Each structure stands twice: as C-alpha cells, then as structure tokens.
Amino acid sequence: ASSTLGTILAVLASLIITANALVAIALLRLIQKTGSKGLYFVLNLAVADAMVGFTVVGLVIDELSQPFCPPQIFCVLRMAFVTSSSAASILSLILVACDRHLAIRKPFHYFQLVTGLRVGVRLVGLWLVAAVIGFLPVLVPGFQKMKATDEKCSFFGVFQPTYMLTVFCVGFFPALLLFIYLYCDMLKIASVHVQHIREVEHAGLAGGCPPSRTTSDMKAMRTVAVLIGCFTLSWLPFFIASIVQTVCPECFPYKVIESYLWLLGLGNSLLNPLLYSCWQKDVRLQLSQLAVGVKRRVL
C-alpha cells in the first residue's frame, strides 16, 4: 500500500511540476509581449502549484523508502512547507479571481489601479501570509503534537486539531465564500451589460459598432467559475473530513483522509494549469508556439 501510494504521488508530482512549468513559461512569454500586470497573478498561481509538486516529491521519498522514521522537527518542517505551498496556491486563486472581478467592475480604471508596485505588494503579502499559515506550528509549539517514533510524517501526526480547525475555519471557508461572492457579482455585472446591449439594439442604435466587453466578461467569469468549481470539488471533501477527524478522532480514519482525500486536493494544482491552457486562448497560442519551437530544434 505504501509503495502504491508513493507511485501515485510520484506520478502526480511529475505532472504538477511539468504542467505548471510549461504554463509559467507561456505566461512569461505572454507578459513580455503584452506587458499585462494582471498576468503576474496567474504566473504566481503556476509557481505556487509547481511548489506544491516539489513538496510532494519529499513525501514520495518517504513512501518509497520504508521503513523511514524521521524525527519530530523534520516532519513539522516538511508538513509546514506542504501547508505553505498549498496555502499559496489557494491565495493565488483568490488574487486571480479578485483581478478578474476588478477588470469587469472597473474596466476603464483597471490599468490605473493595477500597477507594478501594487501587484508586487500583493504578491509579497500573499507569500508572507502563506508562510505564516504553514509555519505557525513552528512559531507556536503548542500547535505541535508529538509524533510516534515509528510513524511517518503526516498532518494529523504532528499538528494539533486546534491548528487544523484554525486553518480550515480562518482560511478555507472564508476563501470559498469570497469566491462565491466574486462569481455572483461578476454574473450580475455581465447580465447588466447584456441588458444594455439589448436595449441599444432594440432602439436601433447599435449599427456597425463592435460588441461591448460582454464577451470578454463572460469568458473571464466562466474561467473563474470553473476554477471555483474545481477548487471546491478538490478541497472541500478533505477539509470536511479533516474537521470531522479533529472533532471526533474515532469517527473517521485519518489514513483515508491523508491517503486519498488529500490526493484529491493536490489534484487541484494539476487542474489549474490545465484549465488555463484550455480556456485562455493566448496561453494556448504561446504553448503551441513553444511546442513548434522545440520541435524545430529537435528535428
């Protein structure tokens, strides 16, 4: 069972790192061409998801090198890095959603509001918050739990239930509510734009004018909606089961949570680059150009 889980983690980590690295390269090329500041949030999402893949590599080594009984501080630091990278991925999704929401709500002031300095400050703040979330048990030893000497590294093996509840209630659920609010607000704005277009067309004033921003608004909203749906389906089972585990340790076997439901949550770091490569035309174009360039060099 351990070798099977290690193999699954190895394949998942390889796919996560490869997919996010390709999307990050495509985004860098796109940023150089367009100079769009908002793409830095998407690039940061790819970097955070790639870091999730790298942290999983350490867990793969643990699974495939049995018996492996690391010391307490080693497990705490390893789980802190895993938690920090996952938190950075979730916070990056929030920034992407907020950026798209701002572009739809204030399209004429978007480029004045999203400057390089503000983007940099938000990204630095994101990583600081993610580091605090992940390394809080290191800073507050009371959130740590003494691991059994013959036990491998795991969330429930080194973290107290109070820390897990704090992360879930303060981090995940507010993020989910914020996602839902942003999506509903974007839906409202897009419907108002559609109504205005219909009124203009009905009045016979549309003529040969190009369509408004409604098409791009709907695409952006659709992308954010898919991201929210995948995020919810990936992480919600793990968080709900983890809360049940912390409240009632005998009610749910924690090995099922960490062996299977946690894998579902990690899969979100693989879905994010795939979604952007499928839904974003510019990213697809850069990836195709990158593939053509590699093919020419190989041949």
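Quick reminder: no glycine exception, Cβ is built from N, Cα and C everywhere.
Whatever TrEMBL says is automated annotation, not expert-curated.
Taken from TrEMBL, the feature transmembrane segment applies to 6-28 (among others).
Residues or ranges marked as domain 'G-protein coupled receptors family 1 profile' by TrEMBL: 19-276.
Residues or ranges marked as transmembrane segment in TrEMBL: 40-61 (among others). If one looks beyond the transmembrane segment (40-61) by at least 6 residues along the same chain, the residues whose Cβ comes under 8 Å of a Cβ in the stretch are 6, 9-10, 12-17, 20-21, 23-24, 27-28, 31, 68, 78, 81-82, 85-86, 88-89, 91-93, 95-96, 99, 119, 122-123, 126, 130, 153, 266, 269-270, 272-273, 276.
Under the heading transmembrane segment, TrEMBL lists 73-98 (among others). With a threshold of 8 Å between CB atoms, the same-chain residues lying at least 6 positions outside the transmembrane segment (73-98) that come near it are 41-42, 44-45, 48-49, 51-52, 54-56, 58-59, 122-123, 126-127, 129-131, 133-135, 137-138, 144, 147, 152-155, 157-159, 167, 171-172, 175, 178-179, 182-183, 224, 227-228, 231, 235, 265-266, 268-269, 272.
TrEMBL lists 119-143 (among others) with the feature transmembrane segment. Among residues of the same chain six or more beyond the transmembrane segment (119-143), those with a C-beta under 8 A of the stretch's C-beta atoms are 37-38, 40-41, 44, 48, 76-77, 79-85, 87-88, 91-92, 95, 158-160, 162-163, 166-167, 171.
Under the heading transmembrane segment, TrEMBL lists 163-184 (among others).
For the transmembrane segment (223-247), the list of distant contacts is 90, 93, 96-97, 100-101, 155-156, 161-162, 164-165, 168, 172-173, 176, 179-180, 182-183, 186, 254, 256-257, 261-262, 264-265, 267-268, 271-272, 275-276, 279-280: same-chain residues at least six beyond its ends, Cβ to Cβ under 8 Å. For 223-247 (among others), the entry in TrEMBL reads transmembrane segment.
Counting same-chain residues at least six beyond the ends of the transmembrane segment (259-279), those with a Cβ under 8 angstroms from any Cβ of the stretch are 5, 8-9, 12, 15-16, 19-20, 22-23, 26, 42, 45-46, 48-49, 52-53, 56, 86, 89, 93, 155, 219, 222-223, 226-227, 230-231, 233-235, 237-238, 241, 287. Among the features that TrEMBL reports, transmembrane segment is placed at 259-279 (among others).
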Model confidence over the domain 'G-protein coupled receptors family 1 profile' (19-276) (mean pLDDT, whole number): 79
